[in-house]
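Reviewing the structure listed below.
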Amino acid sequence: MAHRDDRPNLAGKRNTSRAVFTSYERELAKAAWGSNSARLSRESFLPFASCSLCLDAAVDPVACSAGDVFCRECALSNILAQKKEIKRAEKALLSGEKEARDAKAIEELEAHERAVKEFELTQAGFDVQRKSSTAPAGGGADGGGGGGGGSEAPPSKAVALLEDGSASTQDRKRRFELDEDEVARIAAEDRAKARKTIDSEKAAKPKLPSFWVPTVTPTSNEKNVLHEIKKAVKTQPVCPSSTEDNPHFYSLHSLIKVNFTDEGEAEEEQSSSAPKSKKQVRICPSCRKGLTNSSKAVLAKPCGHVLCGPCVKQFMTPSGKFDPHAPDSDPNAVRCFVCEEDVTERKEAPQSSSSGDKKKKKDKILPGLVELRSEGTGFSAGGKNEVKKVGVAFQC
């Protein structure tokens, strides 16, 4: 007696046999595929005046023209590394252009050789059959002798002119002229025809179906001709704290030395006999409050002194009124609260043609006020930093 198996068929209960995803599988797909973003919390924010490269408190701090703070050593290392990468990219671009020119020259040479070969075959008489097939039928000497009622062909115009002997200048045969432009055009047409023939012969050859082989890997290029992909090659170092949609450049000459006022220095100015504080707290030189991410600290260029935002609005905003006690001063000028240097923002002067003036303009830091960038606070309006992971979308 045969044994009967009463166990149910579990193959149809597996997830691989289902036509739809379960909610658990859909959540796994969303976590592994697509783009995910999350807003950073207060614990993930860097404290004020931290280096954007080493993420520690900035040592010998410098700032770029947009207000990003770095250590001087970190900024110099990053600038040198980017310059090396720019030189390497320029060499790679030049080599790629040279390879493209060489490939184009090889294709033109191959088309020229094919056109010359076809011309030689034609002159040798191998193409006579193709030419005769295109000739109109019924034009031979024996073609009109089939019947007695056949009428003779009328004499040609050239024969009539020879018999007459008197032909006008308009009926004379034109002299054959061939200029250089016509020769170049005919040669280009011959090369194009030869190139088309070569491409059709290559397309007719059997192809290896093994697409995983590196030599036959499918690409987005058609007919082995690279399509134009215009890549933005940067020519200057880009600030590492700038965003992808709004990058800004920075260089060694454009870095601004930041002169923070530390709490230990302020206490030492008030009392020279007081011991120095172990932890240096950076404060505003006007209100003596500590500078944090919520202070909206402002940097004065080119002196580099830093004040909080309320003090800048209160003490450094020009009144626009004439001061009788200082008749020589400009009422619309903005001066630093610490060193009294003129930091009024001025428009850039028109560029000069001489290279010396351009170099001086490049090395010079334009005066003005710039807000130092901070990552924000724990409040929803102050925390604007967001982490985003871009991936391939998965439809489920």
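A Cβ is built for glycine as well, from the same backbone N, Cα and C atoms used for every other residue.
Nobody curates TrEMBL annotations by hand; they come from automatic prediction.
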Legend entry - Stated TrEMBL location of coiled coil, expressed as one of 72-99, 100-127, 184-211: 72-99
Legend entry - Beyond the flanks of the coiled coil (72-99) by 6 or more, those residues with Cβ under 8 Å of it: 51, 53-54, 59-62, 233-238, 240, 250-252, 255
Legend entry - Residues in the domain 'RING-type' (284-340) grouped by DSSP into helix, strand and remaining coil: 7 helix, 9 strand, 41 coil
